[in-house]
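As recorded in TrEMBL:
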COMPBIAS  1-10  compositional bias 'Acidic residues'
REGION    1-58  region 'Disordered'
DOMAIN    183-313  domain 'Nrap protein'
DOMAIN    320-457  domain 'Nrap protein'
DOMAIN    462-600  domain 'Nrap protein'
DOMAIN    630-829  domain 'Nrap protein'
DOMAIN    832-986  domain 'Nrap protein'
DOMAIN    991-1118  domain 'Nrap protein'
Amino acid sequence: MHLSDDEHDLSDDSHAEESSDDEVGAKRKLPQPTTPLKKVKYENITSKPSKKSKNDLYKAPTVEELNELKETQNLYNNNLFRLQIEELIKEVKIKPKHRKTFTAWFDQFQTLLTNLPEYNITLSDIKLKNKKKETDKSKLVNFIANKSLECDQDFIVKLIKPERSEIVGLDRVSALPGPKLHVDVNLKMPRDCFNVKDYLNNRYFVKRYYYLGYVFYYLKKQDLGGEITWCFHNDNELLPVVKVALGEKITIKIFATPCDNYFKVSRCGADINNVKINTFTTDEVTESATLFYNASLAHDLTLTINQNFVQESLSELPNAQEAIKLIYIWLVQRGLQSGLGAFTEDLIVYFVVYLVTKKRINKHMSSYQIIRNFWNFITETDLTQNPISLNDDLKTDVLDTFQANFDVVFLDKTGFYNVAAFLDVNVYRKIKTECGLAFKLLDDGGINSFHSLFITKLPLELQYDLILTLKSDSNFENILSGMDPDVRTKFLGFFNLFVTKNISHVLHRGFNKRASLIVPLVAENQKSKLLFGINLDPSDAFSILERGPALNDPEEKEFKEFWGDLTSDRRFKDGSVCVAVYFKTETVKERRGIVTTIADRVATRNLGLQYSLHYNDFEDLLVNKKVVAAYPMGTNEECCLKAISAGDQLGKKLRGLEMPLSITGVQGISDTVSMTEVFPPISTNYRCGNKITTTLENNIIINDKKDKVGVIPRYIKPIEYVLQLEHSSKWPKNLTTLRHMKTAFYLEISKLLSKKHKLITSVKPDHLDVLYEGYVFRYRLFLPREVGLLKKESTNNGTTLYKDTPESRQFEVQFNILPKLTGALKGLQSQFPSFGPATALIKRWLRSQLIDCHHFPDHVINLLSASLYLNQSAFSIPNTPQIGFLRFLKFFTELQWQIQPVVANFNDEITKETLAEIDSKLLQNRDAYPNLFVATAYDGCESVFTKVAPSKEVLRRVKQLAGETLNHFSKIVRDDSFISIKSLFIPNLGGYDVVIHLRPLLNPVRHEQVIVDELEGQVVLKAFDVKEATKIPVVDFNPVECYLKELRNDYGEFANFFHDSYGGNVIGVLWVPKAVESRDFKVCYVGGRKLKDGKLVLNIDALIEDFYILGKGLVKSIDKIK
């Protein structure tokens, strides 16, 4: 293990800036400078004039530049990728001063080894003794005594200086990535330390431990510097090593192995028992092979042989050494390199060496090509079915023996050490999946592929759809107690491996086809706690039926024992009768909950363990518990689906109307249509309340005769659609006349719907409302000619010009671009069912932080979320809303919006050339474009949805909030923190200057807030009855939003206003920094200010009073925080 998680978390902002500089260089195709580049702020890059003359800029390329270009084309994906690799390799280069420090320490260590005193100590004498006068020998004995070490004989432990010491591991083959220096030192124990049969009954491992303890003691006594501790090699408790830390940057691990050719490596075969007397537990052993004991022994016996072979294979392949560094960094970023059962650094080296021996890697290949070959080889091969070996002369029966006993088989040069013996088969499958994703990222060739592969840290809780934590107060004794004697012998010394394997088997049986991966998180596991990451298969994960064997089948009894009272006999369509488990569900949320039911069943009943599950923790925040519909309602999916179905039916009726110009298109533009609405409308009948509402024709309206309104009816959001008519050239050429004609069409449509379908409608000058199946649908006509008329402008000399205006742009976005985008989002939802609720969860979180649609529009959130599903990344596609939400937080935390565009490339309509052009434009003149640039094919890659918002300040705030939310969730998962999930959705009001408190009863969406008023009852809605008299309710009326609009219009230059759109009863106010500054007296600055000491200062008290007067009746109180 050479890298901690912190060492290669290269995703910080400083490195991101450097990467961006690399990208700039790549696009200009400049030769790499020989002197270090001076760090320059991004803003200054394009502002500095080029010092080169025109002739220099257009000079023909030199021979060296042409050769470099040809080499890049042949050996690398692109020039940018090459530059990024070179920069990363420089960054992880170990500094010479660290080498110098280690060399000085190693010279002292060699001297210490040469002068070690020699001792012969009987094993039975190595125990703690209390003596007043201690000799050097007794001090040593007291220091190294270990009661837990046992073997079958009382022999002489000879502690003498080693034959030699050697450097092993990645540093020996120059494949160690820095910036920290980690060196493995191997001490060769002399022949006199051993007897011929010391490989039996733990004798070798006892001697090895005491030998290292002997070195440990004198290291500590001589005080060569650094902190000295014990640790286990790859968490293998039979292979302790001495760890010396020389400060924070240098770590040395000291191994001890027997002298060359003393023990026969063949004694470590997969069919040999080397423990005749159990020295690990009180249980008896059988004649079965001691597989993992043998593998630990083989590690030490073959260490020197394999290291020499590795050095011989890689010494003349500097690019292979570089590739190993990059692969290890890639592995560290995924957290798969440490722990017993992990894919260790040794395995990386052995795989690369294997490819070298098979001529799949040669000295002419670049590190990029070697990485591609490595990932491709891991993806295509399956070592569980087809074992491999570095020994070409190995007999087939030896491989077959290893394959019969180990899950994954990769034999070393000797043919008797399975280097993958401790590799968990599920971790191996995870590695294969990750290699496949990495290979796709390379082929994708996107500008961020390098960043996704090597720079981005992938937290474990974001790699899996669910994290299952299993706990046992007895260290899983209930699982160990059921071990078969032969299995117990096989796992001697490694019962934790058996526990992990046994639990994995039971989990696989429970989840069956529902899970594509069930991976033990070996780096996180402890003796009393095991973590498993589970990735779901979207095609089977939420199936309501678990089909078992046929009746009277031999496996029937076993299936029923496993599933217990959940099983029943069922006849299927093909006529077969099988035992099955049926999960009764009524909502999509409940179908996702099947996974929770299975996890609970397997953990508690089948394994008898305590557990915690992190899977759908956030979904409750999408459930409106204060409003009860007549049909089962989970998250937002059910309401959206019913509304979409009703909208489609009404659309058919509209297209069937006989009109002068028939309706050819009905396209939705509401978030309900794309299933990204947090709280969609609910179908019901609407009645007039005698006190607060009255009727006017087909409409229910607010009763304005009452002097004071004490409560506001529940908010009803219309579902908006755009209508398109067949083409006609007879539309008026005057804008006002055209709009009157549109109103006439609304009246005609209303008349026909009322006459033909008996529907209740309401016509307004700019839209038509239709009540259908308990929903209010709002329709607007889109006439292309109207866009032209909005752009039309006449000059003083009578010339007619057509140019964009804010009104024309807004009109085109709403009626031309938005329908296309909504249709694309709807298609994305049908392809990836987690997209809609995940996007709704993002909105819920953002709004709960008081960042409403004014600061961060809904359409922008939709596009950002869609980009995570459309673009190739280091993650697989999210299968659950929670993972989609968490990955958005990760994405936004790392988003460099100053230099990086976000691309939502539906159907791959945006070409790579267009994307390169966008990058170039942003680089040349960043200030001319929106703060957050989101490109789609539907708006011509002009980022029309982010023209106004979000601002730079809001983007920084969201980035900060996303990072904190992600960190807190990580603590909840890893540390069993008691932090409430809901607390992540409660804003901190302490940072605001002023907080405006509103009256809850005048907030029509108060039922949607995160912390609801428990004293207020539920709103129970009856099912829509077409026979019952009903009218169009008060639609799209929210006094809080009206108040916010007035505040922003009247006081936007002085303050920013923040509010939770989903039921928030507070408005946070932040004074604009420039407004707070004192100014010289000028008439243009007088508004909102007062004169103080000859200067105009912001009149905060007067403004607060204005806020109260403007919101009279709605505002409950105003607190001045600062």
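Positions of Cβ are set from backbone N, Cα and C atoms, glycine also.
Automatic prediction, not curation, is the source of TrEMBL annotations.
Because the structure is a prediction, the values reported are computed rather than measured.
At the 8 Å Cβ cutoff, the domain 'Nrap protein' (183-313) and the domain 'Nrap protein' (630-829) share fewer than 3 close pairs (sequence separation 6 or more) and do not count as touching. 832-986 is the stretch from 630-829, 832-986, 991-1118 with the greatest number of Cβ pairs below 8 Å to the domain 'Nrap protein' (320-457).
Across the residues of the domain 'Nrap protein' (320-457), the predicted structure has a mean pLDDT of 91. Taken residue by residue, the domain 'Nrap protein' (183-313) breaks down under DSSP into 53 helix, 29 strand, 49 coil. With DSSP states grouped into helix (H, G, I), strand (E, B) and coil, the domain 'Nrap protein' (320-457) comes out at 78 helix, 5 strand, 55 coil. For the domain 'Nrap protein' (462-600), DSSP puts the residue distribution at 56 helix, 38 strand, 45 coil. Each residue in the domain 'Nrap protein' (991-1118) gets a DSSP state, and the totals come to 38 helix, 33 strand, 57 coil.
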